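Below is one structure, written out as structure tokens, with a few remarks after it.
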Amino acid sequence: MGTLPEIEYSPPSHHLSMLQKLVGTNAASNLLIRSYKRSFNGFAANLSQAESQKLQNMKEVVSVFPSKSHELTTTRSWDFVGFGERAKGESVKESDVIVGVIDSGIWPESESFDDKGFGPPPKKWKGSCKGGLNFTCNNKLIGARFYNKFSESARDEEGHGTHTASTAAGNAVQAASFYGLAQGTARGGVPSARIAAYKVCFKRCNDVDILAAFDDAIADGVDVISISISVDYVSNLLNASVAIGSFHAMLRGIITAGSAGNNGPDQGSVANVSPWMITVAASATDRRFIDRVVLGNGKALTGISVNPFNLNGTKFPIVYGQNVSRKCSQAEAGFCSSGCVDSDLVKGKIVLCDDFLGYREAYLAGAIGAIAQNTLFPDSAFVFPFPASSLGFEDYKSIKSYIVSAEPPQAEILRTEETVDREAPYVPSFSSRGPSFVIQNLLKPDVSAPGLEILAAFSPVASPSSLLNPEDKRSVRYSVMSGTSMACPHVAGVAAYVKSFHPDWSPSAIKSAIMTTATPMNLKKNPEQEFAYGSGQINPTKASDPGLVYEVETDDYLKMLCAEGFDSTSLTKTSGQNVTCSERTEVKNLNYPTMTTFVSALDPFNVTFKRTVTNVGIPNSTYKASVVPLQPDIQIRIEPEILRFGFLKEKKTFVVTISGKELRDGSILSSSVVWSDGSHSVRSPIVAYSIQP
């Protein structure tokens, strides 16, 4: 997608003209799906492969790529990151900040979006409320749009968009809970901020709609964009909808937070890796949901689930999937695969399934409850529509043995209870890991935020257990969800909070503030180190006063893209700037808040990073550098070791050199350079790795 020309210009007419050259006058208008005309220049059309190739060869075209479909990816979480209700804030300034949420829509009647106490929208707001039938905006939810032709409203039917929007900027709502679980005050990071909702997801999320939402959100005047949609691996950033949209947002001074993806713990699975957006991993808080399964012999086993049901001390017969199937193979029956659970054999019984996904079949067959082995999501508690528990391998085996030996085998699944997780924060297994194989020497994810078992607002028409059981007809106002989708709006909320204090800061300065003030994470739980959690877990209060920031200008990104092999013509059209690619910046020397390099396994290495920091703290200040922690296998030298500033916005440059004898294949070495003036601590992770695709 290119920039819009400054001369008088009609994008739809131009787009139609291009199609007419391609397919003829009569067919062109039927093929044009959408013109992007408010913030950037491009269009979507129904074309064959051959026609797409011809279009790509036209002189004025930057790129052509297929529209793909993508997946969508708190009473305690904000307190856990040290951002309590009494955290320093300026609600008047905060109310001038607009958070745009690109997701599955929003439930406008939720208490989280009530506008009591809100004045009119900020004057900069250029958007509108186009939410469709029976949809009303207000002074809190100031805008809404939807893009799929099969939908009649921006109303959220999935629950996902309502959940993420309220996490970022929802009102403080007391006594929120999920059937009494996770009870407390549910609130967003910036409760006084405004929200604009852009509905692009209808079960799945299409590129054509994602780009339209970015086009509108930028032109509408949002300050921060939250997009919990993971665009999977692409070899070309200019062919990825979120990368393109967030680039144009960055050009207009808008920061985009995106989810890292839920394909962990595989290395290299991280999504949304553009350097101009902030990529968010999920982390755990110190609140966990557990349940207990009590067998007929009195043995109690601990599992995980979000189970509000109470069996009142009654034990029910428990049966193994293989024993309640009449037509499937033993393996399929043990898994409780689709169509394998015989309803006549499970009524009034608890079913034991080898596979996590067997819950749904047991529920549909009419079982009273289910227990499954959870190897798919071993550290995530899910909402189920009936009494259920997920067990680890050893406990699951013990139940299978009990069923064989007991006469008759019985069990009770107890209601979920809340417990303290003293190992938090750490990154759960589902959160996608780096390194990025799209841009090799760039640390992704950037930062982590609470994304495990988060309570937030929900759509009352959506299934609270939709991942497993869309048939769940319970209607709830608040629900518990997990994923990097839940982590992303936490960071969007922090970005909005920082923006409220520093409205003139660039997206890169806000991103730097969030990253360099993040809290180091649990190494024991996450051997992938920074490739699991980035710079660490967010610390919102510190982010508003980081001391120093690493700023990246548009020209810096373009020089980096030149070095990555993008041609000057495409970059000129994309950015609207005159790009010659006469200067190129290696990725490792992009002025990023982290320093990352790939090194060949078993070879000595010596790598230099050049960085520039801007003083945003105290006018007359002196910062001294230290390396934390010291690593025996890597030597780190910083020149100079002292930076003296005489005024605000003054810039200073330093060089970091790392060296070592060798890295084993597939290994990671990391440390951090920390600049401190006694009041501020500015931490930048350094990572050397030998992981290959």
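Residue positions begin at 1 at the first shown residue.
Positions of Cβ are set from backbone N, Cα and C atoms, glycine also.
Copied over from TrEMBL, here are the features:
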ACT_SITE  Asp103  active site, charge relay system
ACT_SITE  His160  active site, charge relay system
ACT_SITE  Ser485  active site, charge relay system
DOMAIN    11-72  domain 'Inhibitor I9'
DOMAIN    95-536  domain 'Peptidase S8/S53'
DOMAIN    589-687  domain 'Subtilisin-like protease fibronectin type-III'
His160 (active site, charge relay system) sits from Ser485 (active site, charge relay system) (Cα to Cα, rounded, in Å) at a distance of 8
Between the C-alpha atoms of His160 (active site, charge relay system) and Asp103 (active site, charge relay system), the distance in angstrom, to the nearest integer, is 7
In three-state DSSP terms, Asp103 (active site, charge relay system) is classed as strand
Confidence over the domain 'Inhibitor I9' (11-72), expressed as mean pLDDT on the 0 to 100 scale, is 80
Per DSSP, the domain 'Inhibitor I9' (11-72) contains 28 helix, 14 strand, 20 coil
Around the Cβ of Asp103 (active site, charge relay system), other Cβ atoms found within 10 Å total 29
Across all protein chains shown, the one of the active-site residues His160, Ser485 with the most other Cβ atoms within 10 Å of its Cβ is Ser485
Across the domain 'Subtilisin-like protease fibronectin type-III' (589-687), DSSP yields 1 helix, 57 strand, 41 coil
